[in-house]
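Worksheet for the structure shown next.
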Amino acid sequence: MPCEGCMERDNVSTGATMEFLLLGFSELLRLRVLLFLVFLVVHLVTLAGNMMIFMAVVMEPSRPPMLFFLCQLSAIELCYTLVIVPKALLSLVVADGSSISFLGCAAQMHLFVALGGAECFLLAAMSYDRYVAICQPLHYAAVMSEGLCLRLALACALGAFAVALGLTVAVFRLPFCQPRRIDHFFCDVPAVLHLACTQSYAPELPLLAACVLLLLLPFLLILASYVCIAADLLRLTSPVGRGKAFCTCISHLAITLLHYGSATFIYIRPKSSYSPARDKVVSLVYTNITPLMYPLIYSLRNKEIRGTLRKMLRRKKRAQVN
């Protein structure tokens, strides 16, 4: 049964007339200034870190496959934070929340889901790279060619874009209850679905399908890759060789756990367990803290990235001397 205050949408005029109100952190009025400064600093550091990695890899004339994938991952994180954080900062400036149009909310949701899905697919591609590097080292150069890397990157982007488009269209075809207040700092899927004027579980089916395609499928591919890697490492007699091989996977494993841990908590659950306050806290982690951690993990654990960053800094110093 439709909820009270539900209004059927006019498909012609919806995009021009309907608006949502992002409540953001309106319940934390006394902490707004502190939160704004913290989020701003984290946002700027995240942008600087990912931009540094992106530029370092782009300026590198010879890029092995893992560097190519890390470059794409940094580009995704740059776009990811730019889609979410500016609106979150605005919600801290405006005491009663910030409004967002119907089309603006749909665009934000689509970009957010598409970028997050592309990251999931890319993590699966990176796990395949690690599988070939460890289990088939003699064939690595032939298998992980530049053409294959480009095709994998393109498939990750297009696949995530298509799934996100289908999910966004399904969500925004629903009638929404009034008042249209989203208790979140961006148009996240569970927060918008919570406003749907329906008591059935049908609106959750597109989200479930998207979770299967964007979360479960890449996770199973990653799991299969690491099962093969673990089986291959167990056959090694040298503990030193086993340790060196495993060290090449630590960065990818850390990123995968960070990404999938937060995403699984938010999206793989029924609508009845939705909690705005809890969701906002977890969303803060994967939209602010997690993208900040990625450059740190790359630079501390990945030998190729450290070497590339050192080369970039040396070129910069030589340019300043000249």
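Glycine is treated like the rest: Cβ placed from N, Cα and C.
According to TrEMBL, the protein carries these features:
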type	residues	note
TRANSMEM	33-59	transmembrane segment
DOMAIN	49-298	domain 'G-protein coupled receptors family 1 profile'
TRANSMEM	66-89	transmembrane segment
TRANSMEM	109-128	transmembrane segment
TRANSMEM	148-172	transmembrane segment
TRANSMEM	207-234	transmembrane segment
TRANSMEM	246-269	transmembrane segment
TRANSMEM	281-300	transmembrane segment
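Per-residue pLDDT, averaged over the domain 'G-protein coupled receptors family 1 profile' (49-298), rounds to 85. Taking every listed stretch (66-89, 109-128, 148-172, 207-234, 246-269) in turn, the largest tally of C-beta pairs under 8 A with the transmembrane segment (281-300) is reached by 246-269. When each of 33-59, 66-89, 109-128 is checked for Cβ pairs under 8 Å to the transmembrane segment (246-269), 109-128 comes out on top. Taking Cβ pairs closer than 8 Å, the transmembrane segment (33-59) reaches residues 25, 67-68, 70-71, 74-75, 77-78, 81-82, 85, 88-89, 92-93, 288-289, 291-292, 294-296, 298-299, 305, 308-309, 311-312, 315 in its own chain, all 6 or more past its ends.
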